[in-house]
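Peer 1: Quick one: the structure is below, and I'll ask about it shortly.
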Amino acid sequence: MHPISLFGAFLSLISPHMNPAARAFFLKFREDHELMHSRDLQKLEGTLSPLHLEEMDLARSLRENKFRIKLCEYSYELLLQYLQKTQALVMLGIINERIIFEVSAGQPSLISDDADVVALVGTSKDLAKQINQKEVHWGLLEDSVEERMEKALSDSDRAEAESKDADAEDNNKKKSSEGGKQGGPLNKKLKKDKLVGATGKNTKSETSMISAAPRVKPELTLPATPVEVEQSILEDLRNRAQLNNLALPSVSFYTFLNTHNGLNCSSISNDGSMVVGGFSDSSVKVWDMAKIGQPAKTSNSQGENGSSQDERLSSTSEGKRPYTLFQGHSGPVYSAAFSPFGDFLLSSSSDSTIRLWSTKLNANLVCYKGHNYPVWDVQFSPVGHYFASASHDRTARIWSMDKIQPLRIMAGHLADVDCVQWHVNCNYIATGSSDKTVRLWDVQTGECIRMFIGHRSMVLSLAMSPDGRYMASGDEDGTIMMWDLSTGRCVSPLAGHNSCVWSLAFSCEGALLASGSADCTVKLWDVASSTKALKMDDTKAGSTNRLRLLKALPTKSTPVYNLRFSRRNLLFASGALSL
């Protein structure tokens, strides 16, 4: 029995007089669908009365929507022959009322090779098509820091090359006047060097995904970047390592010891100088890498009202701590994120609040209250000042540091919003949900403009490519999928890990994708080859490529909680040692 038929028949049997029959029917057929739909089965197992049907989103969606079943031509012909031969009027009625068949040419294929299997949450393919018709202006911001830095670097490189050429020509003229015919080979060598240099620059520009990205206008009022910060970014860009499938990144892994399953989340600052952990005892702890191994100075962590929390403890034992302790939440902390320049820190908790901390003052500045249930994820925008949150209340929200109320509320998911990620141009955010879908939202209107269907379990991690065209998503089953934002199409499906994918990160030029998982490995994937093949196969509808695994980096026994590429393309990772 197809899962759609199973779930629909089970829900139809639920009534005050039919509960035993419904239960027997459910138990008889559930084993056939444990592999693909175990989470949906667990939700439906608790449906015992008609009242539950009205309260449960999954049950209501299953009853109100038609579902799409993909069949090849051969299977569809067999089904039609069977229905005509048996005169199964009841089954015909169910098909007409509940099911839409999508017939594909060719032979039957394995379900594991189908990147477009819809999750059983009532999300119709027609709705996804309708949403995905809206236009996405992907690309980098006009006059962004990166653009100004690229111009500055290209100008300085050009000036340096011209000065070298001038010096070489002067030396060559001197040698020519002194040696006569000896200048011939030198002139040829000089021209060859110029040609090699030009070819190298062209090759570099062709492989750079960022330089080819279009420029778009920001829809948010963005903060100004301090001059000293721009200078720091320029220095990082000058020293950036060029990564590809032959030149893999160096990895710096931070391991949390003796956490005893109390660490819920971790995050690393952009330059890797600070690491934060969120714990089940409602505490937030920040480690400064420059101070590791040095005697710590006594400092008081402060709560929301600016007063010292537990002053007696601070005066006696805080001087021995290798970290800065932030206290203020009243429940487990599920997410923490540094601002782009490391001067602020956000944390979210099961107490339904988000807190903003100053890493300079070691104090809580603001407590944001807006969600009604635990907040699973919070992320700063690429330029700071704005941040997005994801919650159990099935909404994502956009906030500004200077306002205590959210600027936008994104509602539409049918279950928890588990993760959130900003687009690089700050005009969109992406959300991953327990309803097995990913959505892209316009921050100006708060509307969903893309729906990505294909995951078979809850989506736990998201990452945006540096040029803003592609998005990667990872789920509970270990699957990684990469999407083209402009079309909503899956580029490379069904490559992944043996367990939950908790973190994803693109390298600075977008050639590599790093994934961190509960299976205690960091894996590096070749993105450049997949995207290049995609551009060549744009005329072939539905063509997909699998991401090529470049290297798997196993830890001894440390699940990977967080990944981040620095601006110099050093890969930072963190996790808690499991005993």
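Numbers here mean position along the shown chain, with the first residue as 1.
Glycine too: its Cβ is placed from the backbone N, Cα and C atoms.
According to TrEMBL, the compositional bias 'Basic and acidic residues' annotation covers 149-178, 309-321. Taken from TrEMBL, the feature compositional bias 'Polar residues' applies to 200-210, 296-308. If you look up TrEMBL, you'll see 9-99 marked as domain 'TFIID subunit TAF5 NTD2'. What TrEMBL lists as region 'Disordered' is 149-211, 295-321. The repeat 'WD' annotation in TrEMBL covers 256-289, 326-358, 368-409, 410-451, 452-493, 494-535.
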Peer 1: Which of 256-289, 326-358, 452-493 has the most Cβ pairs closer than 8 Å to the repeat 'WD' (368-409)?
Peer 2: 326-358
Peer 1: For the repeat 'WD' (256-289), name the stretch out of 326-358, 410-451, 452-493 with the most CB-CB pairs under 8 Å.
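Peer 2: Between the candidates 326-358, 410-451, 452-493, the best contact partner of the repeat 'WD' (256-289) is 326-358.
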Peer 1: On the 0 to 100 pLDDT scale, where does the repeat 'WD' (326-358) sit on average?
Peer 2: 95
Peer 1: I need to check the long-range neighbours of the repeat 'WD' (410-451): which residues 6 or more away from its ends have a CB within less than 8 Å of a CB in the stretch?
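Peer 2: Result: 39, 57-58, 61, 119, 121-123, 127-128, 131-132, 134-141, 216, 218-220, 222, 376-383, 386, 388-392, 394-398, 457-468, 471, 473, 475, 483, 485, 488.
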